[in-house]
Amino acid sequence: MAARLLSSVSLTDVVLLLSSVWIAVHLVLAAYNVYLHPLRRYPGPKLAAASQLLNVYHVLKGDNCKWTAQLHEKYGTVVRIGPNELSYISPSANQTIFGGRPKEDKVFEKNPVAYLQGNGDISNIFFARFHDHNRLRKLMAPAFSETAVREQEATIQGYTNQLIAALRNRSGQAAYPDAKGVVNIIPWLHFILFDVLTRLSFGDPIGCLDRADYHPWVSVIFKAIIHSTYTQAAHRLAPYQWILKHFIPNDMTANYEAHLEFTRKQLDQRQQVKEEPVARADFSSFMLKGMSPDELFDNVNIVITAGGETTASTISSSLYYLVHNPSSYERLTKEIRDTFSAEGEITLAAVAALPYLKAVIQEAMRIHPPVPIGLFRVAPAAGAFIDGQWVPGNTWVSVANLAASRSPTYWRDPERFTPERWLGDAKYESDVREASAPFSIGTRNCIGLNLANANMRIILARLLWNFDFEAQPDNIDPHELDEYGIWETKPLNLKIKERVQTT
């Protein structure tokens, strides 16, 4: 009887039965997530509560951060953006999740789904868990201290000299008559920053400024970042991540692997001179003392990849908002040109004393944070209170950088570029400045913030001391760019005129 019954069942029947069971299971799971899950009382769209699909859709679309910001405008300072995930924008939540020096059992650890290990089980400082992070931070901190960065000023100034010379050449009508003095500034910011970072990491620059073009290794960095974003999105769909991974373009994967291979070769060469004295210490000089080769590889790779593009993004957005806000442009150029009578006076110590320059950079990072996404964490196993509400253990939590820094809850005229808000202007005294934390806070804040500030201040000050910049009709508002962990890159064409100095 049983044999006869089985013989009457076709393969199609089996597939239909299994499909029906699969659909039923996931419908039940979705219903549980919406109506019975411990996070059910938190506000947010029902579809986001039901499954990861809506979140992943916006990640792949390149507007996840803007989507999250829209949700916060609608639902408030905390939003449920996934079945087991909450997004916050309040400074108090930021302090709870990232601030202080909590004991190990109170730590909001990195979300292992969002921060995939780049090299097996080897940790880099960005992905590392509590104990590994403390160890790596101690090894790396001396390389990024204010003292260490001051010792690298000659390197930063030297490459800035090259940048200024190249732009001066291209601003002239005779050398490039077809361009009419219009230059896409984005590649040039990449050239100088990746030259600086590779010089400080490998001992030698990658030579972008020399060739006035992207080195192949740099050109694939942006694809490598998108590859990582797609991979992270795929892992949100576990156990079905293989489906999405199947659609990641092969050339993107190949570029990512080529990027890693070149990094390893450069570090292998640097390690061969480990015992030889160098003219000026670089990052590797510090990190070679206590890291394994694999740890060195992972950490140098993340420093270059994350540090170059984010710093370039802030300088370019500063220039964009300056040329589109004449009063701010005039005030900053006046501050720089009135302070310095000769370009050689523009030192790291001197630019640190320019209040409006610092305010411009702070405002650029507020209105266009270089890392717009929230930094993903997991609530302690025992749970925690965030903004007075109980969050169950192992809940995914984050603070949405873009949403927080543009929220009318914390800022007056949040869409307006106004550096004066950082200088005590009474009109903006209601602003909650802590809502903008582009370098994060606490013991896991950005280790490279001193170097980033040095690069941004020196490069921007010297550009505005040497040149006058004019906006072009095809300029794209940085807020309109897509984001894949960091912002995509699009041309920023500016007309550059060599400054006419008067005595």
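Keep in mind that glycine also has a Cβ here, set from the backbone N, Cα and C atoms.
Pulled from Swiss-Prot, these are the features on record:
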BINDING   Cys446  heme binding site
CARBOHYD  Asn94  N-linked glycosylation site
CARBOHYD  Asn169  N-linked glycosylation site
TRANSMEM  14-34  transmembrane segment
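Non-local neighbours of the transmembrane segment (14-34) in the same chain are 40, 46, 49-51, 83; each lies 6+ residues outside the stretch with a CB under 8 Å from one of its CB atoms. Sorted by the number of other CB atoms within 10 A, the glycosylation sites Asn94, Asn169 start with Asn169, the lowest.
Spatially close to Cys446 (heme binding site) yet at least six residues away along the chain are Phe439, Ser440, Ala452, judged by Cβ distances under 8 angstroms.
The two recorded residues, Asn94 (N-linked glycosylation site) and Asn169 (N-linked glycosylation site), have Cα atoms 46 Å apart.
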